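**Q** From TrEMBL, here are the annotated features:
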SIGNAL    1-22  signal peptide
TRANSMEM  110-132  transmembrane segment
TRANSMEM  144-161  transmembrane segment
TRANSMEM  173-197  transmembrane segment
TRANSMEM  227-249  transmembrane segment
TRANSMEM  298-318  transmembrane segment
TRANSMEM  348-371  transmembrane segment
TRANSMEM  386-408  transmembrane segment
TRANSMEM  429-457  transmembrane segment
TRANSMEM  469-495  transmembrane segment
Amino acid sequence: MEKCYLMTAVVLLGLTVRWTVSLNSYSGAGKPPMFGDYEAQRHWQEITINLPIKQWYFNGSDNNLQYWGLDYPPLTAYHSLLCAYVAKFINPDWIALHTSRGYESQAHKLFMRATVLIADLLIYIPAVVLYCCCLKEISTKKKIANALCILLYPGLILIDYGHFQYNSVSLGFALWGVLGVSYDWDLLGSLAFCLAINYKQMELYHSLPFFCFLLGKCFKKGLKGKGFVLLIKLACTVVASFILCWLPFFTEREQTLQVLRRLFPVDRGLFEDKVANIWCTFSVFLKIRDILPHHIQLMISFCFTFLSLLPACIKLTLHPSPRGFRFTLVSCALSFFLFSFQVHEKSILLVSLPVCLVLREIPFMSTWFLLVSTFSMLPLLLKDELLMPSVVTVIAFFIACATSFSIFEKTSEEELQLKSFSISVRKYFPCFTFLPRIIQHLFLISVITMVLLTLMTVTLDPPQKLPDLFSVLVCFVSCLNFLFFLVYFNIIIMWDSKNGRNQKKIN
């Protein structure tokens with residue numbers, strides 16, 4: 001009973017922090033004509049309840065796609081419609097066609113914040129709690145501490161409750177999918193992940209690890225027997241779930257194509273705003289978007305993305321294990337973020353979720369990554385006037401991780417999951433014993449740099465000739481960190497010596 005009380009207290013603390021952050025400013029508050037993401041979510045409610053489904057994704061007199069046109073999959077539209085029905089019951093002015101543009105009031109803000117909290121409470125938080133409760137070989141207190149750290153991750157809280165989005169819905173569905181396939185509820189896991197993709201197309205960042213893990217399971221069971229049956233069941237589940245989600249848009253070919261064009265707007269360019277990936281960072285030195293043709297940019301980004309995630313996916317297919325699956329989720333999502341086409345700064349949340357899932361296994365490196373991921377969104381957070389909530393939530397998260405996992409005491413080769421790699425290197429370089437010390441020094445340099453850049457961004461004015469100087473530096477520093485983490489996680493995957501002991505769970 002005491003365990004239940006403690007977990008309930010953790011959930012209540014997580015909800016309290018979320019609601020406290022939501023009391024601050026939000027994206028585009030009082031900034032016409034476009035306002036911000038808060039207005040985008042409200043506008044989608046306006047569109048979905050006032051227009052027939054066939055007009056949701058098309059430009060028209062009642063639906064100007066240049067003004068926050070719907071560009072997420074059908075499940076997001078259905079969610080907006082559900083929220084719109086509740087909004088119409090409370091106050092029809094909130095979602096009145098045309099006249100509700102830029103609507104701002106305390107009552108409406110309270111309603112919108114409540115919709116995020118309820119979605120979190122129904123989908124994301126239960127998945128986090130169940131995931132932590134299912135962890136093996138650790139005490140109950142450690143499970144509760146793990147849940148606390150995940151629920152206090154500042155990046156997701158600041159974007160969903162400060163900037164204003166519903167990322168916890170797609171991430172929650174994805175986490176239910178991870179739970180399902182990790183514990184052999186493969187059909188339910190596949191269904192949950194399909195819901196995640198049909199809520200936000202960026203969940204494709206996680207699609208290859210799901211595909212490779214399930215395909216590897218089928219291979220292990222034998223494609224001439226149970227494995228083939230499982231493969232057919234999985235295919236039917238995926239097809240059926242997509243048909244159900246997309247059914248209203250399959251009535252006409254042009255309708256389907258228009259939705260796809262809205263979901264994958266390749267004409268927007270290689271990256272969006274100041275994002276801490278390779279292309280944005282490299283463009284400081286060489287303006288790729290101005291030099292190379294559009295289709296060449298697309299091809300280069302595809303090749304880099306595919307090649308960077310290929311080794312981990314092959315390893316997972318040949319040696320499927322829940323542990324390998326979690327680390328491959330991190331590696332693939334990070335590859336997509338660093339190298340793929342049309343990346344937003346908020347997409348780092350898709351990497352942060354699987355990193356949260358390995359927080360117990362590599363607490364030092366996971367905590368470090370999650371701090372960097374929040375820092376990488378600093379320009380966006382400052383734009384939304386979220387400096388104070390950012391500082392408070394980051395400090396709270398860091399203290400929770402440091403005290404729960406004693407992260408500074410877990411920097412040995414074994415605890416960094418680098419022992420197999422180090423042994424391999426020492427066969428050729430016997431003196432290679434300093435890797436943990438290097439990582440500790442890199443951590444200190446990284447943290448000091450992030451703190452100094454934050455202080456400089458907040459207190460100093462950039463030169464007139466370089467108005468984006470601090471934003472570019474934030475992206476550059478974050479990108480260097482992410483490249484280091486990509487190498488690190490791939491080393492863990494390729495030199496993983498623990499997959500063998502996990503095979504019994506698969507067979």
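Quick reminder: no glycine exception, Cβ is built from N, Cα and C everywhere.
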**Q** Mark yes when the transmembrane segment (144-161) and the transmembrane segment (429-457) have three or more Cβ pairs under 8 Å (sequence separation 6 or more) and no when they do not.
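**A** The answer is no, given that the two segments have fewer than 3 Cβ pairs within the 8 Å cut-off.
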**Q** Near the transmembrane segment (348-371), which residues from the same chain, at least 6 beyond its ends, have a CB less than 8 A from one of its CBs?
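**A** Counting only partners 6 or more residues beyond its ends, the transmembrane segment (348-371) has Cβ contacts under 8 Å with 131, 135, 138, 142, 146, 149-150, 153-156, 159, 167, 171, 174-175, 178, 202-203, 205-206, 276, 323, 326-327, 329-330, 333-334, 336-337, 377, 394, 397-398, 401-402, 404-408, 410-411, 415-417, 439, 443, 446-447, 450, 481, 485, 488, 492.
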**Q** Which of 227-249, 298-318, 386-408, 469-495 has the most Cβ pairs closer than 8 Å to the transmembrane segment (144-161)?
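**A** When the Cβ pairs under 8 Å are tallied, 386-408 comes out ahead.
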**Q** Need a quick answer: max count of Cβ pairs under 8 Å to the transmembrane segment (227-249), which of 110-132, 173-197, 298-318, 386-408, 469-495 is it?
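**A** Between the stretches 110-132, 173-197, 298-318, 386-408, 469-495, 173-197 has the largest tally.
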**Q** Which listed stretch (110-132, 173-197, 386-408, 469-495) has the most C-beta pairs under 8 A with the transmembrane segment (298-318)?
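**A** Maximum Cβ contact count belongs to 469-495.
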**Q** State the non-local partners of the transmembrane segment (386-408) in its own chain: residues 6+ outside its ends, Cβ under 8 Å from one of its Cβ atoms.
**A** 17, 20-21, 24-25, 142, 145-146, 148-149, 152-154, 157-158, 162-163, 359-360, 363-364, 366-367, 370-371, 374, 378, 458
